[in-house]
Amino acid sequence: MTSAVTVSVVRLPHGADLPLPSYATAHAAGMDLHAALEAPVTLEPGAWGLIPTGLAIALPDGYEAQVRPRSGLAAKNAVTVLNAPGTIDADYRGEVKVILINHGQAPFVIEHGMRIAQMLIAPVTRAVWAEVADLSETERGAGGFGSTGTTTL
Ligand SMILES: O=c1ccn([C@H]2C[C@H](O)[C@@H](COP(=O)(O)OP(=O)(O)OP(=O)(O)O)O2)c(=O)[nH]1
Ligand SMILES: [Mg+2]
């Protein structure tokens, strides 16, 4: 059994009729987020929008929530999360919103209750700096951005 953390949640009035996000299968990593809309929203080709979920949450200290695309929307409609993965900070108390972009060639209509993205809860590691004059040497060194080539052989 995967461990679970308790996340406080408030359902805002415009999402009061929607179910809380839930895991679609026994071992799903993400909970699907629903659009909480007073009226349908149309994203024209190339357009993006901030889509409300009707939820405000309080994560435990040491955790974040990540807002990620749903592959079905991407594969079928070229609709994805513009800032993926979106970051929800543990100290954020505003409404969770999803920045959706329509990369497709047809308008995409978002209806109230539509499952538009998924949210993962993940532990956060914070860093402290150790400023030094030189970094340790490695085989890679400063090579990057394709320095190892692109062929499989
Ligand atoms: O997809 C997202 C991304 C962010 N947020 C909320 C929660 C997050 O804690 C807050 C700030 O997000 P971020 O740090 O990514 O945005 P910013 O542009 O740096 O804004 P800020 O200056 O408020 O940190 O906005 C969302 O609701 N959805
Ligand atoms: Mg920020």
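Even glycines carry a Cβ here, placed using N, Cα and C.
Annotation comment: TrEMBL describes 18-149 as domain 'dUTPase-like'.
Annotation for Ile88 (substrate binding site): same-chain Cβ neighbours under 8 Å, separated by at least 6 residues, are Ile57, Leu59, Glu64, Ala65, Gln66, Val67, Val96, Met119. Ile88 (substrate binding site) carries a strand DSSP state (E or B). Among the features that TrEMBL reports, substrate binding site is placed at Arg70, Ser71, Gly72, Asn83, Thr87, Ile88, Asp89.
Under 6 Å, Cβ to nearest atom of ligand 1: this is the test, and of the binding-site residues Arg70, Thr87, Asp89 it is passed by Thr87, Asp89. Close to Thr87 (substrate binding site) in the fold, though at least 6 residues off in sequence, lie Glu64, Ala65, Gln66, Val67, each with a CB less than 8 Å from its CB. Within the group of binding-site residues (Arg70, Ser71, Gly72, Asn83, Asp89), the Cβ with the highest number of other Cβ atoms inside 10 Å belongs to Arg70. In this entry, substrate is bound by Arg70, Ser71, Gly72, Asn83, Thr87, Ile88, Asp89, whose most widely separated C-alpha atoms sit 26 angstrom apart.
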